[in-house]
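Quick notes on the structure that follows.
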Amino acid sequence: MDVGGAYGGGKAGAPFDPITFVQRPQVILRAVCLLFAIIVFGCISSQGWQPEPGKKGVEVCLYNKNGNACNYGVGIGVIAFLASIGFLAGEYLFEQMSSVKTRKHYVLGDLGFSGFWAFLYFVGFCYLSNQWGKSEETPVGTSNMQAAIAFSFFSIFSWAGCAWFAYQRFRQGSDAAFAPSYDADPSSVPGGAPYSSYPVGPDADGGYQEPPFSGSQNRGPGDFQAPAY
């Protein structure tokens, strides 16, 4: 089924314009989410684990020596990174989706995942901030740990923005699906007019008329008279 404008997308099969694509708010916000995810898991992975003094071969997480905090930050960052790539590919393919149902499923998936990941980043920000406040000062890794916390906070709004755009798409698609059809009322078509009935002649409603010569045709043999001279 060929669609045009369903769920905020253009008509399927339209030529791809890279300039227009990179200027779309959804694409820009996805790129921001991708960048923030790299910073979060990159900072924790690079200097989040440091050797524990006095114990050879043992590394501890700088977030209050809580390994779960480091694992949580890296986990949500890596998944957000992969999801951002997937959604960027989805944005590229969105214009080529000719099925309204396929677009609807994509928009709902975007809405659910983005909203859920914004919540996970909020939990991560609170968790990492709490553990960092209880941590001892270290000569290395401090800036990285603080950067991971800061960009976890920024990621809350970037993913929430993605969820908002997905919600707007869903609203637009729903409104289009339940829009009144012009087929129901011909007078609603611009420039149109209701259908008129077939014109009826002036004698259409008149009574029954006797056919001509009906009197002569109904006479019997005895009713016929000879003319007088």
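The backbone N, Cα and C atoms fix where each Cβ goes, glycine too.
Annotation comment: TrEMBL describes 21-171 as domain 'MARVEL'.
Within the same chain, residues 21, 59-63, 70, 73-74, 76-78, 80-81, 84-85, 87-88, 91, 140-141, 144-145, 147-148, 151-152, 154-155, 158-159, 161-162, 165 sit at least 6 positions outside the transmembrane segment (27-49) and bring their C-beta atoms closer than 8 Å to a C-beta of that stretch. Marked as transmembrane segment by TrEMBL: 27-49 (among others).
What TrEMBL records for 72-94 (among others) is transmembrane segment.
The transmembrane segment feature in TrEMBL is assigned to 106-128 (among others). Only residues 6 or more beyond the boundaries of the transmembrane segment (106-128), in the same chain, are considered here, and those with a CB under 8 A from a CB of the stretch are 7, 63, 69, 72-73, 76, 79-80, 83, 87, 90, 94, 97, 145, 148-149, 152-153, 155-157, 159-160, 162-163, 166-167, 169-170, 173.
TrEMBL lists 148-167 (among others) with the feature transmembrane segment. When Cβ-Cβ distances below 8 Å are used as the criterion, the transmembrane segment (148-167) is approached by residues 25-26, 29-30, 32-33, 36-37, 39-40, 43-44, 48, 73, 76, 80, 87, 107-108, 110-111, 114-115, 117-118, 121-122, 124-125, 128-129, 132 of the same chain, each at least six residues removed from its ends.
Look at TrEMBL and you will find 182-229 tagged as region 'Disordered'.
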